[in-house]
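K.L.:
Below are the structure tokens for one structure; questions will follow.
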């Protein structure tokens, strides 16, 4: 415990908050180009083939980013928009591809939660 005299001399140190999404550099989204599109398997106890893209951003960071939704049209050299948000069962994947922005198509035949997958309103 610090004495009052020590606190007068030094003061308390502020804790520095560490970002979970450093590659965004305090932006809401960043644009990038896919360098590799592949599937990978999640950690135990889950089992699937998760779709992931390796993306080279405009600020020269290279990050892994998850492609949500059923089916996608991404390949190497596709331009994508990424946002923050990690995937808990894929280590090292801390970003999501924004569906329906840049070269990424929205999920077709999507009826609920459409805004999260870039799907237009169906013609009833």
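Cβ coordinates are placed from backbone N, Cα and C, and glycine is handled just like the others.
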K.L.:
Which stretch, out of 77-100, 101-124, is listed as region 'Disordered' by Swiss-Prot?
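P.N.:
Going through 77-100, 101-124 one by one, Swiss-Prot gives region 'Disordered' for 101-124.
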K.L.:
Please report, as numbers and ranges, the same-chain residues at least 6 past the borders of the region 'Disordered' (101-124) whose CB is under 8 Å from any CB of it.
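P.N.:
For the region 'Disordered' (101-124), the sequence-distant neighbours (Cβ-Cβ under 8 Å, at least 6 residues beyond its ends) are 29, 31, 67-74, 78-81.
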K.L.:
Which bits of the chain, at least 6 residues beyond where the region 'Disordered' (1-29) starts or stops, bring a Cβ under 8 A of a Cβ in it?
P.N.:
57, 59, 61, 63, 81-84, 86, 94-95, 98, 101
K.L.:
Test of understanding: give the count of other CB atoms lying within 10 angstroms of the CB of residue 89 (3-methylthioaspartic acid).
P.N.:
15
